[in-house]
């Protein structure tokens, strides 16, 4: 199954053990598709939802949605998997997707037996370059689809305003996640590309101290940037995720 206009998630059918993979801010399921295919080849059923407004050539579509919509996408993905008879799940996400995956591990402890994040700014104090990177992304697309310089200028002014509001909402989401990390009891996996220029690669060291109720695996990839899922160490990364997923207590779902 592939993404369609009804916003059904990409789904790779496997066995009764399920994994949800969440993509990054401004991204699409392509961020985690390779990992999803790999886990599926090892017998797992994998769900890759598209966050509302994403997978678009119009950056305003992302800004028209927000944190509440994206939380609903996560909830819908859980329901989607459960409707297929997959009751126990693991959940991971790249960047913003990892923030939601972490939130889910705290809020849905009866559903998720483990999970983690990849290059994710889990707390509001994590240094990042999301604002300028989004503006550059938006300007590239707007110039591609606009007829005049005046249109580009007007659209970019609106993007700047809406982005400021949206990042404040994401900051509130990060505050919530920071406050509930200590509640996570399921095993946790974190991957960080050491060449990450979007999120401070050293921030996770301090954030790790917040995980007081569970075990955490921290994996660094020295040759990888922010999108570690498709970086030069992709194969090692995928093997590490698989080893972690295989180690989870799947007997809870049997």
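Note that Cβ sites are derived from N, Cα and C of the backbone, with glycine treated the same way.
According to TrEMBL, the feature domain 'Serine aminopeptidase S33' maps to 19-228.
Note on residue 95 (active site, nucleophile): other Cβ atoms within 10 Å of its Cβ, all shown chains, come to 27. Under the heading active site, nucleophile, TrEMBL lists 95.
Sequence annotations record features per position, and here TrEMBL assigns active site, charge relay system to 196 (among others). Taken residue by residue with DSSP, residue 196 (active site, charge relay system) is part of neither helix nor strand, so it is coil. Taking Cβ-Cβ distances under 8 Å and a sequence separation of 6 or more, the neighbours of residue 196 (active site, charge relay system) in its chain are 119, 224, 225, 226, 228.
The active site, charge relay system annotation in TrEMBL covers 226 (among others). Secondary structure from DSSP puts residue 226 (active site, charge relay system) in coil.
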- Summarise the model confidence on the domain 'Serine aminopeptidase S33' (19-228) as a single mean pLDDT, whole number. 96
